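According to Swiss-Prot, the protein carries these features:
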- 49-233: domain 'BPL/LPL catalytic' (DOMAIN)
- Arg87, Gly88, Gly89, Gln90, Val91, Thr92, Tyr93, His94, Ala162, Ile163, Gly164, Gly175, Ile176, Ser177: substrate binding site (BINDING)
- Lys159: site 'Lowers pKa of active site Cys' (SITE)
- Cys193: active site, acyl-thioester intermediate (ACT_SITE)
Amino acid sequence: MVNNRQTLDLKLFPASPGELVDWQLSDTPVPYPEAVAAMEARAAAIASGEASELVWLLEHPPLYTSGTSGRETDLLQARFPLFSTGRGGQVTYHGPGQRVAYVMLDLKRRRPDVRAFVAGLEEWIIRTLDTFDIKGERREDRVGVWVARPDKGPGHEDKIAAIGVRLRRWVSFHGISLNVDPDLSHFDAIVPCGITDARYGVTSLADLGLRVRLSDVDAALRRAFGEVFGPSELRLPETTA
């Protein structure tokens, strides 16, 4: 069932006039603890008015993260390090070929509504996928963005993007992960997002037959972000936020 969040009024998350969101790209994989420390520091600075909002694009080395709803049984095989984290959600995989976007926005100033914010993140991904002629969809009982897979059988769907966020003083951090061309076999070692129904799997742009560069995905993400959340300002590649 398609979630009624698809009717989201995208004007619910406007930026203040004249304010730009920093848009930062790291060109080498960032260790997870380093990323979390940088996000927490930036979120605190945003909350205190000492820094601007930020979208941080990066990749991680292969690893698993477990959110606040994660269960020990969701890790089937410890192929890579597992990090417990304060984001919402359960267990997922991060690694090369996956575009992670950490989103640090001041929702108190924009609109303090977590559910609508998550719907906004989904809309951002869906519009990004539209660039590549992929139909991403929301689902009522499954956060993230899904792609119908009738080629696998009736009712089959695969997740192409995961969402997990945390708020502190109404500033968001953590964010989204979009599968561009990761090694999907690494998801076999976990129960992704706690979903055990065999009809629901994981996919990527490459798995769907699209070989695209991360730079092309980044450009699409930035365009779609501007439509949903407002304009951004590109910063030179760095390894920390």
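Using the three backbone atoms N, Cα and C, a Cβ is placed for every residue, glycine included.
Here the features listed in Swiss-Prot are placed on the structure.
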residue: Arg87; record: substrate binding site; CB count, 10 Å: 21
residue: Gly89; record: substrate binding site; CB count, 10 Å: 22
residue: Val91; record: substrate binding site; CB count, 10 Å: 25
residue: Tyr93; record: substrate binding site; CB count, 10 Å: 26
residue: Lys159; record: site 'Lowers pKa of active site Cys'; CB count, 10 Å: 25
residue: Ala162; record: substrate binding site; CB count, 10 Å: 26
residue: Gly164; record: substrate binding site; CB count, 10 Å: 24
residue: Ile176; record: substrate binding site; CB count, 10 Å: 24
Quiz prompt | Rounded Cα separation (Å) that holds between Val91 (substrate binding site) and Lys159 (site 'Lowers pKa of active site Cys') | solution = 14
Quiz item: Between Lys159 (site 'Lowers pKa of active site Cys') and Tyr93 (substrate binding site), how far is it from one CA atom to the other, in Å?
Solution: 12
Quiz prompt | Recorded substrate site residues Arg87, Gly88, Gly89, Gln90, Val91, Thr92, Tyr93, His94, Ala162, Ile163, Gly164, Gly175, Ile176, Ser177, farthest C-alpha pair in Å | solution = 15
